[in-house]
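Everything on this sheet refers to the single structure shown next.
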Amino acid sequence: MNTLKIEKIFIVEFLFIICIKLIIEYFYLEILSTTYLYAGFVLDFDMTKYIIGWIIYLFGYSFLYYKRKLHIFEIYLFLYFLYFLPNVVYFSLSNQPVLDFVSLVFPFLFLIFMTTNKEIIPLSRMKYGKLVVLSLSLGIITLVIWHFYKSTGGAYVLNFLDVYPFRAKYDDVSNAGIYGYLNSWAMKIFSVFLLAWALLRAKISLIIIAGISIIMLFIFSGHKSALQGIVLVSFFYFLFGFKDRRVLIIGGFFFMFLIASVLTIFADQIMIGSVLIRRLLFVPAQLNFSYIEYFSLNEHIYWANSVLKLFMDYPYEVTPAKLIGTFLGEPDMSANTGFIASGFMHGSYLGILIYMLIAVIIFNIINLLAKNIDKYIVLSIIILPINTMFISSDLLTTLLTHGLIIAIIVLWLYDSEEYRLSIKKLSIKI
């Protein structure tokens, strides 16, 4: 009976998966290849590559479904739609080289294959680690807010339209030194964790404190990304209230892409489709292929702009992001890419292999840490740096600047045990 139920669910999911790809392809045909042709979204149809794309796409989900018992399955499911799907469609409809396509999608499938629930790496946890990470979160958030206030002279921003002039004026001084890291960690990791924990505890006072801290990070920094935590944590809190989360995620992407496509194509609401489909899916995919194309023809960087800069000369006059922007005819564009194409930029296919093996270790550590923690907490903490790693940042930059290594430390410290902290007559359950 259970087997039959699983098969029925899989069929429903498979139909959703097919429909999602058809919707995205139709959007590419009707909008991207016409309205955004100037930006390089050409239509160069090749039937063989189109069939290859379908085979890889459907195999990808079938394989992911087979690995559905992974503790971080939902993370891979999100990446399937945000990374895997757009690369497949862009390859199929713009006639990209097969080798470049394989270089981009194989590492994702390899990661899924190599992630296991077996405890291949012994991990011991710190006793009362939850107390440590809560104290650390509150301390760093407070320090960062105080630093923003001091470095800007108490200036703040409330209007989204004013954030860019505000950041242009204060970013250099606010992000000087170690605060270039602490500010990012506070906004992307610690404030997100604090809100997720507060919702889990279901204490209004804690939720208010966490919410106020996020809002203060925004108004004193001018970074809208500080507010992402409220949206993400609320979404995952809602999501993990349901048993069939897999169907809910797939159905959510289906309706989001369907509504965005209908409003864009038939109601002329271009901005909606531009943000939810073009910018979210296809700009990163285009940049992935552009990086591989450019560095297939030009000199690789070999980490001369990062860990090996003391030993090697950087071969270009501008940053890689500006380099690719110029290559695409947009010299003012900061064209960042994810860790796979970035690996190719550094060391060709060897660079991809090195990054892929490091990613296998990282994902297995995260998967093992997630075993005894509420999945809602895990996704809330880890989804932002992981998505950044795949979509718009080098692996080493993601680990430090975007806080992936900090997120892993938070997961290591956190546990689901409840403790009671007593200070004189005050007793707090954490």
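Each residue, glycine too, has its Cβ placed from N, Cα and C.
Sequence annotations record features per position, and here TrEMBL assigns transmembrane segment to 9-29, 49-66, 73-92, 98-116, 128-149, 178-197, 204-220, 226-242, 254-277, 349-369, 376-393, 399-415.
Note: the stretches the transmembrane segment (73-92) and the transmembrane segment (9-29) are in contact (3+ CB pairs below 8 A, sequence gap of 6 or more). Note: the stretches the transmembrane segment (204-220) and the transmembrane segment (254-277) are not in contact (fewer than 3 CB pairs below 8 A, sequence gap of 6 or more).
Below 8 A, the CB atoms of the transmembrane segment (376-393) and the transmembrane segment (226-242) form 3+ pairs separated by six or more positions in the chain. Long-range neighbours of the transmembrane segment (399-415) within the same chain, counting only residues 6 or more positions beyond its ends whose Cβ lies under 8 Å from a Cβ of the stretch, are 123, 125-126, 129-130, 132-133, 136-137, 180-181, 184-185, 188-190, 193, 362, 365-366, 369-370, 372-373, 377-378, 381-382, 384-386, 388-389, 393. For the transmembrane segment (254-277), the neighbouring stretch richest in Cβ pairs under 8 Å, chosen from 9-29, 128-149, 226-242, is 9-29.
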